[in-house]
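Asks: Can you read through this structure? Questions will come right after.
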């Protein structure tokens, strides 16, 4: 079996001084101030990742100790940040396995530690055994983790807008990647997008609507989805937008 996230290798290479990462005495959860990192990471850079050669090589049991024979990950939160929405998914869908994928090493470390703390705190109920996080570059390695038609839902919440025109190719929604997403998303599955940047929202909608394998949900359909209200402030980035009274731009698409 291969390691799934490459965290240990990257941490060894960074050679950063050891820093205590104390948990909160009140909540028992890790404190984000000990895991701070720049807001975004270059997805094109040659990061060092340990990734599986094929989905069959992923050691899911190391992330989901209670996983059942034949059970698969159903939901993927791409660029999960500090894991707020991932935790919400675990609470809303206890019977489903959800994975958060994050490229930034300290941020993914925080989510891993947060999930471990939640599991310890809820040891008597077994809650949060259905969520996990791994560090990887989703723009490069998603097909290495998921088989065709595996995912029911994919989430792209507040992705890096890459404002400069020369960097638009780095946006996680583009025609080439949409075909990869369509490959791992089952027919009828949903792809959720949320941003506070109107230009990026228009870019997403244009590219999604131009792709033959997606159709946008109507406003009525989107509002009827029980997940929709959670998209606005379950994630840390979404909560910040709410605090700053910013705009939210939502678009949900169905895999045809």
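The count begins at 1 with the first shown residue.
The backbone N, Cα and C atoms fix where each Cβ goes, and this holds for glycine too.
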Asks: If I go by Swiss-Prot, which of 70, 79, 188, 189 binds S-adenosyl-L-methionine at the same site as 102, 103, 137, 138, 157, 235, 236, 237?
Replies: 79
Asks: Among 1-25, 26-50, indicate the range for which Swiss-Prot gives the feature region 'Disordered'.
Replies: 1-25
Asks: Given the binding-site residues 79, 103, 138, 237, state which is nearest to residue 160 (active site) when distance is taken between Cα atoms.
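Replies: Among 79, 103, 138, 237, 79.
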Asks: How many other Cβ atoms are found within 10 Å of the Cβ atom of residue 160 (active site), counting all protein chains shown?
Replies: 19
